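Novice: Annotation source Swiss-Prot lists active site, schiff-base intermediate with D-ribose 5-phosphate at Lys80. According to Swiss-Prot, the D-ribose 5-phosphate binding site annotation covers Asp23, Gly152, Gly213, Gly234, Ser235, on the basis of sequence analysis. The D-glyceraldehyde 3-phosphate binding site annotation in Swiss-Prot covers Arg164.
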Amino acid sequence: MGMDRSDMNKNLAQMLKGGVIMDVINKEQAIIAEKAGACAVMALERVPADIRKQGGVARMSDPKMIKEIRESVTIPVMAKVRIGHFVEAEILQSLGIDFIDESEVLTPADDSYHIDKKAFKVPFVCGARNLGEALRRIGEGASMIRTKGEAGTGNVVEAVKHMRTVMDEIRRVKNAAKEEIMTIAKELGAPYDLVQYVWMNGRLPVVNFAAGGVATPADAALMIRLGAEGVFVGSGIFKSENPEKRARAIVMAAAYYDDPKVLEEVSEDLGEPMYGLEISDIKDRYAERGW
């Protein structure tokens, strides 16, 4: 019997495991990312640090720019749409994007509903702060989950919090008695069958990446040690002094996350990292967008 579209999309996302996905704003950056060993790139007009700095409404990027990036690399290309904006998603699907990120980094288009991702052929990535959010997005059809963190800050603390929360809640479900599953599903606001999957398997039904504030090789290794199966790096690379070297170092850190000697070597002489923000100083908390 043939594999259904949902399983195919989950398998596509599985192929990115262990990798680093980098935000790029043009084809030159995309080529640097691919040469550094990125497993995919995220095409967008402004990295989160600039969206945060400039303010205003952040929307889907220009399809022309996305096409130029897609034509410049051989690795998968992702692009972001606003939460709930299914027409932006239809446009990206039409232009042949590899993955769509329904992203809280862009200004939400709908404050009540997320996109029905099962209506699309292209796989979706979604952010989550906890297990309930993750399972709701998977229930809607997401093929990959990432922490929300706080994008554009260069501060990994929120991503750490979200990853620890998800992993702690997975352990709680795994250790529960079978008769507790329905109550847990009610508490989490998550589909019963997905809570049951977590109870039986001790993990999410899809890959779980880290995102939001990853700025150094050590940050990438930390997130993988905490349970992430790969890492998104947004502003952290191309807002730093030496993007090529930092990109390579973060890819190495994701591969050798358990080897302090390698991490020491790749962390040396990277130049200035991106400017970081204290979370308490931020006006807009992107992670609070969506539910």
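Using the three backbone atoms N, Cα and C, a Cβ is placed for every residue, glycine included.
Fair warning: this is a prediction, and the values are worked out from it, not measured in the lab.
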Novice: For Ser235 (D-ribose 5-phosphate binding site), list the number of other Cβ atoms lying within 10 Å of its Cβ atom.
Specialist: 25
Novice: For the residue listed as 'D-glyceraldehyde 3-phosphate binding site' and Gly234 (D-ribose 5-phosphate binding site), determine the Cα separation and express it in whole Å.
Specialist: 21
Novice: Do you know which of the recorded positions Lys80, Arg164 has the most other C-beta atoms within 10 angstroms of its C-beta?
Specialist: Lys80
Novice: Check Lys80 (active site, schiff-base intermediate with D-ribose 5-phosphate) against DSSP and tell me helix, strand or coil, would you?
Specialist: strand
Novice: Can you tell me whether DSSP puts Asp23 (D-ribose 5-phosphate binding site) in helix, strand or coil?
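Specialist: SS state of Asp23 (D-ribose 5-phosphate binding site) = strand.
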